[in-house]
């Protein structure tokens, strides 16, 4: 039963992402398998492409998304990625996906994907998910409690999150309309910047005591 759920879930995410308007540049060839060595390659959208006549099935293949990820970390979450870094054949196709495993109370904290919208499908467990609109829509919080089989969409560039509010582990799959959507985790980016942002600046921006900002920077590995 779990295998069937996995296949259906992944197929739905792939279909939904393929139908979306890709934010990556439109491709001008059937395939453009990414290679690291520029010899005899053509540079396209951040990657060099191998000769399409040399492409193999392995260039378009990835296994292991059926395996639970290790959630023994401070957030209690693990993301198993399936983007152009893992599947070279995704280059220029404008699509990627990942599996998310959550421990009880595990969370994917507030973050954005700068290059893609996201569609999330819950396979197991109960999640609380949402996003915040931009200033011109009054920073409105839009949220939903998601159960097995539910789908939720996060628009490109908006801060969003998902949290396991159930008593057991949870699993979800995400599809994104970019081969490499990127992820900017708000707290890590702000308080873990290198070199660090001056505490006085952040204290004013967040209306916090500078000492609180320094403590946060220490917690995110950016002390001194």
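Glycine is treated like the rest: Cβ placed from N, Cα and C.
According to TrEMBL, the features are:
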type	residues	note
SIGNAL	1-22	signal peptide
DISULFID	32-49	disulfide bond
DOMAIN	63-214	domain 'Cupin type-1'
BINDING	111, 113, 118, 160	Mn(2+) binding site
BINDING	113, 118	oxalate binding site
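Shown here: features listed in TrEMBL, placed on the structure.
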residue: 111; record: Mn(2+) binding site; Cβ contacts under 8 Å, 6 or more apart: 159, 160, 161, 183, 184, 185, 186
residue: 113; record: Mn(2+) binding site; Cβ contacts under 8 Å, 6 or more apart: 154, 156, 157, 176, 178, 181, 182, 183, 184
residue: 118; record: Mn(2+) binding site; Cβ contacts under 8 Å, 6 or more apart: 153, 154, 160, 174, 175, 176, 181
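For residue 32 (disulfide bond), other Cβ atoms within 10 Å of its Cβ number 25. Close to the recorded Mn(2+) site, the chain also has 112, 131, 154, 158, 159, 181, 183: residues not among 111, 113, 118, 160 whose Cβ is within 8 Å of the site's Cβ mean position.
A simple way to gauge crowding: the CB of residue 160 (Mn(2+) binding site) has 23 other CB atoms within 10 angstroms, across all the protein chains here. Around residue 49 (disulfide bond), a 10 Å sphere centred on its CB holds 22 further CB atoms from the protein chains shown.
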